[in-house]
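Read through the structure below, which is laid out as structure tokens, and then see the notes.
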Amino acid sequence: MKSAILQTATRYLLPILLLFSFFLLLRGHYYPGGGFVGGLVASIAFVLHSFANGTESTMKILRYKPISLIPIGLGISALSVVIPLLFGLPPMTGLWFEQPIPVIGMIGSSLFFDLGVYFVVIGVVLTILFTISLEG
Amino acid sequence: MLFTVLTGLITSSLLVPFGKFIKTKWSILLPFIPVLLFIVYLLYVPDVASGTNFLQHLPWVPSLGINLDFKLDGLSLLFALLITGIGSAIFFYARTYLRGHQYYDRFFGYLLLFMSAMLGVVLSNNIITLFIFWELTSISSFFLIGFNNDNADSRKSALTALSITGIGGFFLLAGLVLLGNIAGTYVISDLVAQHNIITSHQLYPLFVGFILIGAFTKSAQFPFHFWLPGAMKAPTPVSAYLHSATMVKAGIYLLARFTPILGNTDLWNYTLMIVGGFTMLYAAIHALFRIDLKAILAYSTISALGVLTFLLGLGSKEAIVAASVFILVHALYKATLFMVTGIIDHETHTRDLTHLSGLRKVLAPVFIAALLAALSSAGVPLTFGFIGKDLIYEATLHAPSHLALWLTVLAVTTNVALVAAGFMAGIKPFTGKLPQAYEKIHLPYTSMWLPPLILAILGLVFGCFPGLVGDLLNHRTANSIWGGETAMHLKIWHGVNTVLLLSLSTLAIGTFVYLINKPSILKLAAIEKFNRISPQRIITGYAYDIKRFSNWYTHLFHDGYLRSYHFKIILFAELLLGYKLWLSGPISIDFSVLTPPSWYEVVIMLVLLGALYIIVTTKSRLTSVVSTSVIGYCICLMFVFYSAPDLAMTQFTIDTLTTVLFVLVLYKLPSFMNFAKKGILVRDAVVALGFGTILALIALRVLYEPNTTEISSFYGENSYLLAKGKNVVNVILVDYRGIDTMFETVVLAIAALGVYSLIKLRLKSSEKE
């Protein structure tokens, strides 16, 4: 499926979609969005790129195997569950910074939890799709 | 007390990294662990003998009433001393016995684990922790029995032992939980206080039955006895430790411990008497026909366990004292005989009685140990066994008058067989002419023959001076079982009375039986003819049938076709949901409540129906996949119209990705499409239509359920206050139900790993071809 139009388009679509997915992730706590949808959109971005340029070249952009995103994501989520324990609170208690950070907004432990979900989703979707498309 | 339990567990796990040092020069350290613990428990003796009980309480899961409660009373102390004392002898012995073995470190790891578990069983004052340690003994003994893991027989015996004791453990847990729930406590000392409430409860027969099955399987009572002879495949130190002195006695311990809680009822007493009485006679007679030394010992052990069960069943003061004394008597002589057998096996490489004779000339100290043990087992005066036997007869004679005669006859017959069996194992190999082949045998290392000798001599010492152990055994141990005052003096000489006459005639007849019963293969073959109707055959046959059934059942549902999995899952869901719907009565749809459809809803419905038509009629896979995704998008639009943007977004992306996945998979499939037969098509259509209809009906029904808004208003009000989020859906996902989400991501990760490894692994195997 080599199409010049699609190849050119994905060159711009990939960063835009990734940015959009991150935007979805960040706004999740206040407006529609969140880590799950964000992760799905990000994986769609990579899938689109792999359709236009072949899976090998997408893997090259990613540098690391997508499967390595799974433990990273699970680790971040687990950390956000465990960290409140250090403050003597029950696990998964939401911790928040007092002041909002510019651009990003309020930062709390549940954002990290969502970030973990985001990475796991990207890792899972890309692992499944790329494994099948490369070797199936 | 927790410390003593943990010592073994910790050392056992330390052997994983440091095992290689133990294999070589530091192995001498190992036996000092049980020795140390033995000394610790010896120090408790004066206090416990004067009537003090030690308690320790450590909260573990207090909300469920499960705590690390330990209690040291007479009964626990007797067992703790046996476990650590015999353990010390065994550790010294095994260190030499297994010298240079490949898995030397592993063996001691298992042995230490077992010792700790056993200590845990006898010290626990909480029935749930008792159960946990109980299972741990089964598991560690599984590894010990199957220690020679390159031998198929050994593995099979280990599995048999584990499954029998495992089934028993399962029943025991059920019984214990029932008991705990009825009494409202899991603490043993509190349960004792509720004896009347427990024994008069209507479920009493049920949980007593369960607990007894647990104890009988562990203590190898008929009809579960057959795992014990099989377990003799283990290295001899293991048989000596687990299958004579400790593990099999765990069941006896349990019965003794529960006597003050459950005992003193007809059900309890008669069951124990019947099972124990039958087992002791059955196994004692079986022992006479064996020619393998270890088999003789195994059957005589089963018989001795039967005696103990029987005595606990008698339940009188005399019987309890007799049981307490006999536990020690039996542990001392049986462990000795096992270790002697181990030495014989080690030196001559056979345990066959028809070949062994005259070994006294080459193994003199071993012969002394064996002789003393055999005499103690026979109950010759001045040995500890004599006192034990006296007490047993005293107990049967003091039984209710209509039973006394029969029980005494039963006990005498069993003991006659046991006397002969003990002589066969302890004296037969050493007497007669020494065959030429064995002339060059030399005595093994001191550390191998000294432990059995010490145990045997102890049997003699306690026999001559019963006062040494008398206080502990008949006051405190029996007292923990009996509940009241049990002071009976252990005496060497009672004067000439019925008991003495019985004792002496048992000895005489037993010796006579020994002299006329020449072990031979023919007799063994004769008794093995009965194997066809033995419980072993029946139970293993039953286990085989279960295996076949589960095999058939698994293949029925796991035929490897995705389509058949889907079909079964959906059909099952349909039946379940349909049944529930049918139960909930007729459904009426009030169209006036529904909002009239708007034009865009009509348009979406038309698109949806068109896509459906294409899916059903098309001959191309790709077209049908694309049409499916059209349906998905239509549903997305519905979500948008009904203002569920989160759902719509997720559905949209998921739909896209599934379509891609579908296409990727279909792309690899062969291009032709194999159409199903008409009948199958119709069947699938019916199932599909049924499923759709049921879901639609459920959706309609939901509309008529009373609309409670409590939950949604709770989330609405609190999501910003508590979780600082305005998007309730997301707050639920990451905050309220965060743990759910966490595990869902883990499930996703597992799915991805599954796909990854399935495909990679398949590639590898094809590369090999």
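Cβ from N, Cα, C; glycine included.
Over in TrEMBL, the protein carries these features:
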type	residues	note
TRANSMEM	B:26-44	transmembrane segment
DOMAIN	B:63-108	domain 'NADH-Ubiquinone oxidoreductase (complex I) chain 5 N-terminal'
TRANSMEM	B:74-95	transmembrane segment
TRANSMEM	B:107-124	transmembrane segment
DOMAIN	B:124-409	domain 'NADH:quinone oxidoreductase/Mrp antiporter transmembrane'
TRANSMEM	B:268-289	transmembrane segment
TRANSMEM	B:320-341	transmembrane segment
TRANSMEM	B:362-384	transmembrane segment
TRANSMEM	B:404-427	transmembrane segment
TRANSMEM	B:448-469	transmembrane segment
TRANSMEM	B:492-516	transmembrane segment
DOMAIN	B:607-670	domain 'MrpA C-terminal/MbhD'
TRANSMEM	B:648-669	transmembrane segment
TRANSMEM	B:681-704	transmembrane segment
DOMAIN	B:682-760	domain 'MrpA C-terminal/MbhE'
TRANSMEM	B:741-759	transmembrane segment
The domain 'NADH-Ubiquinone oxidoreductase (complex I) chain 5 N-terminal' (B:63-108) [mean pLDDT, rounded to integer]
84
Where DSSP helix means H, G or I and strand means E or B, what are the helix, strand and coil counts for the domain 'MrpA C-terminal/MbhE' (B:682-760)?
69 helix, 0 strand, 10 coil
Tertiary contacts of the transmembrane segment (B:404-427), as residues 6+ beyond its ends and Cβ separation under 8 Å
273, 277, 280-281, 284-285, 287-288, 293, 296-297, 299-300, 303-304, 306-307, 310, 314, 333, 337, 340-341, 353, 370-371, 373-375, 377-379, 389, 392-393, 396-398, 502, 505-507, 509-511, 513-514, 517, 519
Remote residues contacting the transmembrane segment (B:448-469) - C-beta distance under 8 A, at least 6 residues beyond either end:
86, 88-90, 92-93, 96-97, 328-329, 332-333, 335-336, 339-340, 342-343, 346, 363, 365-366, 368-373, 376, 382-387, 490-492
Please count the residues of the domain 'MrpA C-terminal/MbhD' (B:607-670) that DSSP assigns to helix (H, G, I), strand (E, B) and coil.
56 helix, 0 strand, 8 coil
How about long-range neighbours of the transmembrane segment (B:492-516): same chain, 6 or more residues beyond its ends, C-beta under 8 Å?
288, 378-382, 386-387, 389-390, 393-394, 397, 408, 412, 415-420, 423-424, 427-428, 463-464, 466
Grouping DSSP H, G, I as helix and E, B as strand, the residues of the domain 'NADH-Ubiquinone oxidoreductase (complex I) chain 5 N-terminal' (B:63-108) number 31 helix, 7 strand, 8 coil
Leading contact stretch, B:26-44, B:74-95, B:107-124, B:320-341 vs the transmembrane segment (B:362-384) - CB distance under 8 Å
B:320-341
Excluding the flanking five residues on each side, which residues at least 6 beyond the ends of the transmembrane segment (B:26-44) place their CB within less than 8 Å of a CB in that stretch?
4, 7-8, 11, 54, 72, 77, 80-81, 84-85, 87-88, 90-92, 95, 104, 108, 112, 115, 119
